[in-house]
Amino acid sequence: MLRFLNQCSQGRGAWLLMAFTALALELTALWFQHVMLLKPCVLCIYERCALFGVLGAALIGAIAPKTPLRYVAMVIWLYSAFRGVQLTYEHTMLQLYPSPFATCDFMVRFPEWLPLDKWVPQVFVASGDCAERQWDFLGMEMPQWLLGIFIAYLIVAVLVVISQPFKAKKRDLFGR
């Protein structure tokens with residue numbers, strides 16, 4: 001299995017599949033926001049940023065999968081998936097155990113050199129409350145679904161990193 005994951009990490013297909021899944025999730029979030037009129041909270045926006053990190057890592061990996069640049073993509077992938085797990089866990093706890101003392105920020109805080117909320121307000125401005133339950137599917141809220149998704153991204157990322165020393169076996173039918 002590790003040899004297979006190593007081989008997949010050196011091809012564009014797996015990276016493009018990851019980019020497709022992350023892009024599909026981002027488009028779904030925008031659909032929830034602009035079509036279903038659900039208000040994203042601050043943690044939702046941060047989770048969206050973590051998902052953009054996974055998307056960016058996938059695109060970097062797809063650009064040059066056989067070069068050392070794929071290791072940069074793996075680091076970004078690991079970091080983004082880990083931060084996504086942290087953020088969605090915090091968000092899930094806020095929704096499952098609401099408290100007037102445990103709240104999220106009132107507005108998104110981006111660095112001054114990257115004010116995404118001012119550049120693309122349709123995507124990065126938060127207007128909802130983190131503790132409010134707006135949507136559920138099969139008995140789970142949106143942060144709980146995202147927690148499972150980010151855990152899956154993280155597990156696969158760890159396995160791909162572990163698989164890097166395991167090179168694919170050369171198949172030689174004639175024993176040359």
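Note: Cβ is positioned from N, Cα and C throughout, glycine not excepted.
Feature annotations, reproduced from Swiss-Prot:
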type	residues	note
TOPO_DOM	1-14	topological domain 'Cytoplasmic'
TRANSMEM	15-31	transmembrane segment
TOPO_DOM	32-49	topological domain 'Periplasmic'
DISULFID	CYS41-CYS44	disulfide bond
TRANSMEM	50-65	transmembrane segment
TOPO_DOM	66-71	topological domain 'Cytoplasmic'
TRANSMEM	72-89	transmembrane segment
TOPO_DOM	90-144	topological domain 'Periplasmic'
DISULFID	CYS104-CYS130	disulfide bond
TRANSMEM	145-163	transmembrane segment
TOPO_DOM	164-176	topological domain 'Cytoplasmic'
I need the CA-to-CA distance for CYS44 (disulfide bond) versus CYS130 (disulfide bond), whole Å please. 8
Sorry to bug you, but what's the C-alpha spacing from CYS41 (disulfide bond) to CYS104 (disulfide bond), rounded to the closest Å? 8
Can you break down the topological domain 'Periplasmic' (32-49) into helix, strand and coil residue counts using DSSP? 11 helix, 0 strand, 7 coil
Looking at the disulfide-bonded residues CYS41, CYS130, which sits with the largest number of other Cβ atoms within 10 Å of its Cβ? CYS41
When you scan the chain for residues with a C-beta under 8 Å from the topological domain 'Periplasmic' (32-49), skipping those not six or more beyond its ends, what do you find? 26, 84, 87-88, 90-91, 94, 104-108, 116-117, 122-130, 132, 134-135, 142-143, 146
So if I exclude everything within five residues of the ends of the topological domain 'Cytoplasmic' (66-71), which remaining residues of that chain have a CB under 8 angstroms from its CBs? That is, six or more out. 9-10, 15, 60, 164
Which listed residue (CYS44, CYS104) has most other Cβ within 10 Å, given these are disulfide-bonded residues: CYS44
Going by DSSP, is CYS104 (disulfide bond) sitting in a helix, a strand, or coil? coil
If one measures from the C-alpha of CYS130 (disulfide bond) to the C-alpha of CYS41 (disulfide bond), what distance in angstrom results, rounded to a whole number? 5
Taking DSSP states H, G and I as helix and E and B as strand, how many residues of the topological domain 'Cytoplasmic' (66-71) are helix, strand and coil? 3 helix, 0 strand, 3 coil
